[in-house]
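Lifted from Swiss-Prot, the feature list:
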DISULFID  Cys30-Cys55  disulfide bond
DISULFID  Cys32-Cys71  disulfide bond
REGION    29-33  region 'Receptor and heparin binding'
REGION    60-70  region 'Receptor binding'
SITE      Lys45  site 'Important for integrin interaction and activation'
SITE      His46  site 'Important for dimer formation'
SITE      Lys48  site 'Important for integrin interaction and activation'
SITE      Lys64  site 'Important for integrin interaction and activation'
Amino acid sequence: MDAKVVAVLALVLAALCLSDGKPVSLSYRCPCRFFESHVARANVKHLKILNTPNCALQIVARLKNNNRQVCIDPKLKWIQEYLEKALNKRFKM
């Protein structure tokens, strides 16, 4: 074998040995893969805003009637208004 081929194979094998073995997609998945867009504000008991570097804005709501958790579409008008008020309240001087 050529020395260059052996060197390249050694580098590839070293890189494979140093990796964790799991692809990024399997090691971390976004909690909200699907969004509910028909959730009324009156049915929400609690909102949780998830801030993760690999995922878009994710909002999880606990519903009043059945205590179920659902992911809410962040594009809903009442969610946008809620976020705007929360940010204004937090950063108000």
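A Cβ is built for glycine as well, from the same backbone N, Cα and C atoms used for every other residue.
Locations of recorded Swiss-Prot features on the structure.
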| residue | record | DSSP (3 states) |
| --- | --- | --- |
| Cys30 | disulfide bond | coil |
| Lys45 | site 'Important for integrin interaction and activation' | strand |
| Cys55 | disulfide bond | coil |
| Lys64 | site 'Important for integrin interaction and activation' | coil |
| Cys71 | disulfide bond | strand |
Shortest C-alpha distance to Lys64 (site 'Important for integrin interaction and activation') - which of the recorded positions Cys32, Lys45, His46: Lys45
Spatial neighbours of Lys48 (site 'Important for integrin interaction and activation'), counting only the disulfide-bonded residues Cys30, Cys32, Cys55 and Cα distances within 10 Å: none
Distance from His46 (site 'Important for dimer formation') back to Cys32 (disulfide bond), taken between C-alpha atoms, in Å: 16
Cβ atoms near Lys64 (site 'Important for integrin interaction and activation') (within 10 Å, other residues, all chains): 13
Residue from Lys45, His46, Cys71 whose C-alpha is spatially nearest that of Cys30 (disulfide bond), among the recorded positions: Cys71
Inter-residue Cα distance where the pair is His46 (site 'Important for dimer formation') and Cys71 (disulfide bond), in Å: 12
Other C-beta atoms that fall within 10 angstroms of the C-beta of Cys30 (disulfide bond): 12
